[in-house]
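J.: Take a look at what Swiss-Prot says about it:
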- Arg48, Arg54: NADP(+) binding site (BINDING)
- Arg125, Ser126, Ser127, Asn238, Ala239, Gly278, Lys293, Pro294, Thr295, Ser296, Ser297, Arg319: FMN binding site (BINDING)
Amino acid sequence: MSGNTLGTLFTVTTFGESHGPAIGCVIDGCPPGMALTEADVQLELDRRKPGTSRHVTQRQEPDQVEILSGVFEGVTTGAPIALLIRNTDQRSKDYGNIAETFRPGHADYTYWQKYGVRDYRGGGRSSARLTAPVVGAGAIAKKWLRERFGVEVRGYMSALGEIEIPFVDWSHVRENPFFAPNADIVPQLEGYMDALRKDGDSIGARIDVVASGVPVGWGEPLFDRLDADIAHAMMGINAVKGVEIGAGFASVAQRGSVHGDELTPDGFVGNHAGGVLGGISTGQDITVSIAIKPTSSIRTPRRSITRAGEPAVVETFGRHDPCVGIRATPIAESMLALVLIDHALRHRAQCGDVSSATPRIAARAPDAQ
């Protein structure tokens with residue numbers, strides 16, 4: 001099985017399965033000399049881990065990270081960093097009823113057709129459990145970006161099903177299990193999820209991620225554009241079915257006189273481009289939005305087929321998130337951070353000595369809309 005590595009200079013290769021003994025990743029290309037402890041990584045993993053509220057899977061995994069290599073006396077050495085997270089709360093018996101059938105909406109059918117074998121326990125390699133090591137790697141990327149460039153990567157839930165969540169303040173995000181930027185709407189979200197769980201159904205979500213402080217110049221046109229790599233990484237998150245950069249699909253209805261972000265000596269007047277022009281960062285906030293589909297594992301009976309091609313009815317009894325989007329915010333943040341650190345290192349390698357006589361304008365002009 002290929003396709004397990006993300007990045008060019010800063011690479012992350014994940015390993016493991018949902019119900020195996022452990023999951024983890026190997027990070028290659030991390031710059032030496034950065035202070036790093038397991039506690040730095042654990043902070044991010046705790047934001048993603050399961051069992052944190054009644055609205056997510058009740059699988060109780062501590063997600064305690066172990067750093068096996070690449071750090072000596074609390075400092076990165078430049079050698080590969082191996083992160084290990086042991087699985088402790090597998091309940092494989094919950095999946096016995098799907099050993100011979102395919103769950104609608106899951107990777108069961110495609111994995112079987114492609115590889116001729118599949119680990120049906122919790123989805124095996126295709127499980128969202130594998131986003132834990134991604135978040136671990138993202139914690140390292142975030143730390144380096146923050147300390148080296150002052151870059152901050154933050155995200156929030158902007159919609160749960162048909163409920164739009166107006167942005168109020170970043171401080172609200174860390175105060176509720178939905179990562180909602182509006183505390184007043186949390187009771188409505190809780191009632192919505194309680195009703196959904198009673199129905200045995202699931203729902204999708206939209207997550208917005210913003211990277212602030214990114215310098216101008218990151219990105220490698222034509223085929224390694226910064227926004228292309230962001231979209232590639234975001235689509236690597238389980239259940240993501242759509243990615244927008246900046247205005248995204250709303251650009252279709254905008255006129256050029258509106259969409260084109262004007263430049264003034266005082267800065268950019270708008271940011272419909274989402275901080276990327278020609279595949280290269282502009283110095284503005286990089287804004288990304290992802291659409292997450294409803295969880296495929298639901299208690300509602302669904303039609304399917306067996307491995308022999310016979311008709312079957314599938315009802316899933318495992319412990320699942322009724323909305324995987326609830327825990328997706330730190331995952332999306334990590335993916336964006338991993339792309340940014342990779343492009344930061346690539347830019348430094350090729351263009352670190354380049355200078356321009358044209359002044360770099362502010363990310364936002366005083367009269368910006």
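Just so you know, glycine gets a Cβ as well, placed from its N, Cα and C.
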J.: Based on DSSP, name the secondary structure state of Arg54 (NADP(+) binding site): helix, strand or coil.
T.: coil
J.: Could you state the CA-to-CA distance between Arg48 (NADP(+) binding site) and Thr295 (FMN binding site) to the nearest Å?
T.: 17
J.: Any idea what the Cα distance is from Thr295 (FMN binding site) over to Arg54 (NADP(+) binding site), rounded to a whole Å?
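T.: Cα of Thr295 (FMN binding site) to Cα of Arg54 (NADP(+) binding site) measures 16 Å after rounding.
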J.: According to DSSP, which kind of secondary structure is Ala239 (FMN binding site) found in, if we only use helix, strand and coil?
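T.: Ala239 (FMN binding site) sits in coil per DSSP, no helix or strand.
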J.: Under 8 Å Cβ-Cβ from Arg125 (FMN binding site), six or more apart in the same chain: what's there?
T.: Met1, Gly16, Glu17, Ser18, Tyr111, Asp119
J.: Across all the protein chains here, work out how many other Cβ atoms are within 10 Å of the Cβ of Ser127 (FMN binding site).
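T.: That number is 20.
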J.: For the binding-site residues listed here (Arg48, Arg54, Lys293), tell me which residue's CB has the most neighbouring CB atoms inside 10 Å.
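T.: When each Cβ's neighbours within 10 Å are tallied, Arg48 tops the list.
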J.: Determine, from DSSP, whether Arg48 (NADP(+) binding site) sits in helix, strand or coil.
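T.: The residue in question, Arg48 (NADP(+) binding site), is helix (DSSP, three-state).
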J.: Taking only the Cα atoms, work out how far Ala239 (FMN binding site) lies from Arg54 (NADP(+) binding site), in Å, as a whole number.
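T.: About 21 Å separates the two Cα atoms.
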J.: State the three-class DSSP label for Ser297 (FMN binding site), counting H, G and I as helix, E and B as strand, and everything else as coil.
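T.: The three-state answer is coil.
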J.: Measuring Cα to Cα, how far is Ser297 (FMN binding site) from Arg54 (NADP(+) binding site) in Å?
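T.: Approximately 17 Å lies between the Cα of Ser297 (FMN binding site) and that of Arg54 (NADP(+) binding site).
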